[in-house]
Amino acid sequence: MAVKEIMDALRDEKLEDLGLKENLAQLVKDVKVIGKEIDLLLYLPKAGLEDALRERVRRVLLGLSDIERVNVSFSGSPPPRSQAPVGQPAFAKRPVPGVKHLIAIGSGKGGVGKSTVAANLALALSRLGYRVGLLDADVYGPSIPTILGLKGERVLVNEQNRLLPLEKFGLKVLSIGFMLPSEDTPVIWRGPMLMKALTQFLFDVEWGELDVLLLDLPPGTGDVQLTLAQNVELTGAVVVTTPQDVALADVRKATTMFREVQIPVLGVIENMAYFVCPDSGERYYIFGRGKTAEFASAYGIRVLGSIPIDPEVSERSDRGEPVVVGNPESETAKAFLSIARLLAQNFS
């Protein structure tokens, strides 16, 4: 469901009977579409109209095809009319200064090794000669500091009050983990604070000149993904899965979400795809085989590659020395390099 279709439907709904000169579209401050669900933030011009406006919006939008749920919330301040034409939400996607390409690394669920994949993929791109940054946007579970051996490090701020990313293994790195008192400190943020922080991590940072900035997203389809979709010019997204049905079911949702918010899906990476017996060299497909390829074919996206189950990957990640730099001649490191070459075709 496109935002334009939603706004067109709301624009036809007049509100004179409620004593308002605006149509419904002119009250819209924000709109989000995830699958068959719509979230609307409306300007409330008069107190006491909440129920009437909510009922009117739901009546209009639930009549559209494929919409099953409409959530409506209100704000007392009017839409910023200077930023967008009347009746359209004021989305202003912008590039990150100095960064040529932004690629989101996402997954439908946790536990598929997304952050490990993101870190090693960033290092593989760096080995190919690209200037690479890595933003740990997984604010509820930042693991990049551990994977890159940066636990306990803190970011500095320059004279212009801009954050200075840390550097490790040739990468420029930023994580909410660098700003917490300890790695055991939970991040308990509501959506608005989360979105403000993410925007700051992108636009109030001295990234310098980068060919590509990888964004390690939290699992799922929540506020972080929507904030990026509405505010940032993304080259595309890569989804990470494991071969099991339970992981693929959620990665289908993530893929659909990216497409609903007009973010191209550049490919899928299958993690923990197989185990190589150290004695015989034979491959064992512990979690099944072929289902990731079936998913990719059904959704018309590319399988960028498969990463084996390798104890060395987790051991080196725990030590802060990812396998791509710690053992670059290993089969796993070579798999990451192969994936990086395919991904780089999108921005070379």
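For all residues, glycine too, the Cβ spot is worked out from N, Cα and C.
These features come from TrEMBL:
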type	residues	note
BINDING	G108, K109, G110, G111, V112, G113, K114, S115	ATP binding site
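The Cβ of G108 (ATP binding site) has 24 neighbouring Cβ atoms from other residues within 10 Å, across all protein chains displayed. Within 10 Å of the Cβ of K109 (ATP binding site) there are 19 other Cβ atoms, across all protein chains. Sequence-distant neighbours of S115 (ATP binding site) (same chain, 6+ residues apart, CB-CB distance under 8 A): D136, D138, S143, I144, I147, D216. Listed in chain order, the residues near the ATP site other than G108, K109, G110, G111, V112, G113, K114, S115 are S107, P219, V240, T242, A247, each with its Cβ within 8 Å of the site Cβ centroid. Ranking the binding-site residues G111, G113 by how many Cβ atoms sit within 10 Å of each one's Cβ puts G113 at the top. Secondary structure from DSSP puts S115 (ATP binding site) in a helix.
Within 10 Å of its Cβ, the residue among the binding-site residues G110, V112, K114 with the fewest other Cβ atoms is G110.
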